[in-house]
Amino acid sequence: MRLIRNIYIFCSIVMTAEGDAPELPEERELMTNCSNMSLRKVPADLTPATTTLDLSYNLLFQLQSSDFHSVSKLRVLILCHNRIQQLDLKTFEFNKELRYLDLSNNRLKSVTWYLLAGLRYLDLSFNDFDTMPICEEAGNMSHLEILGLSGAKIQKSDFQKIAHLHLNTVFLGFRTLPHYEEGSLPILNTTKLHIVLPMDTNFWVLLRDGIKTSKILEMTNIDGKSQFVSYEMQRNLSLENAKTSVLLLNKVDLLWDDLFLILQFVWHTSVEHFQIRNVTFGGKAYLDHNSFDYSNTVMRTIKLEHVHFRVFYIQQDKIYLLLTKMDIENLTISNAQMPHMLFPNYPTKFQYLNFANNILTDELFKRTIQLPHLKTLILNGNKLETLSLVSCFANNTPLEHLDLSQNLLQHKNDENCSWPETVVNMNLSYNKLSDSVFRCLPKSIQILDLNNNQIQTVPKETIHLMALRELNIAFNFLTDLPGCSHFSRLSVLNIEMNFILSPSLDFVQSCQEVKTLNAGRNPFRCTCELKNFIQLETYSEVMMVGWSDSYTCEYPLNLRGTRLKDVHLHELSCNTALLIVTIVVIMLVLGLAVAFCCLHFDLPWYLRMLGQCTQTWHRVRKTTQEQLKRNVRFHAFISYSEHDSLWVKNELIPNLEKEDGSILICLYESYFDPGKSISENIVSFIEKSYKSIFVLSPNFVQNEWCHYEFYFAHHNLFHENSDHIILILLEPIPFYCIPTRYHKLKALLEKKAYLEWPKDRRKCGLFWANLRAAINVNVLATREMYELQTFTELNEESRGSTISLMRTDCL
């Protein structure tokens, strides 16, 4: 605690120094910590740039003149809690920048003074001086602000040497104080005086003189061994020339009558704010409480904090009434294990009441209490259970601020609540309140704290809290962010540590006024429902408290621990309307593409061909190789256009067929089966022929059925070789005349894989020889016999005609 106090005071000094002379940017504080290292002398290897040196809690017993020569920039030196017995301030003559020097809690018996003009803080308290260690040089330290002293004797002459200094704080820390000359303290010129008394010290004289000395007076370690009552019963409790307006008594252990007299004494002084902290009292009450004089006072505030009772022989009701009858504005009785409180049966002037951390119950509000000026009521840390009962009490006051946290409060739906329209701030945290609490809130509330309760949802029947600006509903059981339809002015919302998986869209849309949101540490489910919430931090003016480390995914498991800002949810997968539009556009584009292909590439024709090929492929798979060979009946199938039939009839057929029937030709007209479709007949003819001859001309490429025949022949699945197609170019075909679907034909023509009909009749012999050689197949004798017999039967059935030249074109 001592070190903390030193650091606090040092920070104050540094801030003051910076206000007088701002440091340059390159000048930085460098702290060297050598505390609690059992050092017996100051280290010789200190860094020259050191500005703060802590040598506290060591074994130093003497300081040498050369100890601090190397640290010329030293500003703060802490030497408390060592064993130093003598001090020569000339040791610091080279430390011109020294501002803070702490030598408290040593064994100092003497000090040799040297003018340290820049010193602002000097603490010599809790040492072994016989008298106050003050001389003329101390009076020349014009910048001194905080001074700590100690000594076994206090005399007026000690303080005369520094009476002209205006000090901020004087701290007197005594190990023993057997002698005090009355009237010594008022000589000091200080704003605050803090006295730490040793045991068995008559504090009364110091209290009287202290009130005459400073505006703020603090006294620590007051016990009842000083015979205060017997001493003061012989003296007048009145006091003249009082200066103190703030009085703090800390660590007080007195009989009740002693405390009673202190209250009465202070009541008639200049003290406006009186605080007693860590007080223990007991014993019998000999003084009459009704004798307390409440007149002639400037008292405004009384605080009793951390009150403990020993064996007590007085009714506590009398104590409560003694305090509540005081005509003051502010009363605090906290941490006192107080089971109840009594008020007079007439109106009081209390504006602020603090009964925190007691054991008050609902019985407090079952009596009539007249508080027409009450604005702040603090009842946290008690045993209150019924919220509606509190509201009925508050309705008779102009209450503005109410703290009911850390109680046992509940509210039932059938209980009526009536609050004054003045309530603006209410703390209901750490209770047992459920959803029904929203039906028992003042309409005027502006700041509401409901954290650590049992709230699961904000009911739709909630009172419209149009003035609510801040709502803290953290550490509850909510599964969704509350909408702002009932809180139209809400600007700050804290909803961390609930069970929110996916905040609803209603919050994003209805809470446009929210500027600060704390929704961290919730088990977020990172799906599309969370997309709008994630975008709040980026695309809105909402400040997300704790973003982004406190906002992580809990579900799905593969994203657990992932920060929300690192989760990427695609707009297409989360926006149903956009997804539908995208699908429609894609389908439309595909439809247009298919339509274009159908028009430009004759796609329907290819689809029909694919279907026919598929049927043929399935049929071929079910047919054995022997059956396939047995089905072959012709050497060649001839495909041609009707416009080229004369050439086929007059030239091709006569030159290919022989009278011995060694070459069998299949023509479409001759073997057409009326029971099958045209495409099935074409497939059948191609399957029953070893070769397919195509008579090419401009007429051929314009014929639809010729294209079918070429397509099926090209994809003849039972031919293992690729030479089963024979092309005869009857007339030249310009490439631009060939439709796109004839891409295979184009490729063959480019390779010149065809027989060209010669215009010179003398070359025809060679043409027919090549053609016969191309279609001539070595057929087994048995096969030839079978084929000849079948062919003869077919010829007889067709009236003895060997070849029919009838052809149906472009059916």
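Backbone N, Cα and C define each Cβ position, glycine as well.
Within the list N140, N395, the entry that Swiss-Prot describes as N-linked glycosylation site is N140. Rounded to the nearest whole angstrom, the C-alpha distance between N330 (N-linked glycosylation site) and N278 (N-linked glycosylation site) is 19. The glycosylation sites under consideration are N33, N140, N416. Their Cβ neighbour counts within 10 Å are lowest for N416. Secondary structure at N278 (N-linked glycosylation site), as computed by DSSP, is strand.
Here the candidates are the glycosylation sites N33, N140, N189, N416. The one whose C-alpha lies nearest to that of N278 (N-linked glycosylation site) is N189.
Around N36 (N-linked glycosylation site), the C-beta neighbours below 8 angstroms that are at least 6 residues distant in the chain are S56, Y57, N58.
Rounded to the nearest whole angstrom, the C-alpha distance between N416 (N-linked glycosylation site) and N427 (N-linked glycosylation site) is 19. Across the repeat 'LRR 7' (296-321), DSSP assigns 6 helix, 13 strand, 7 coil.
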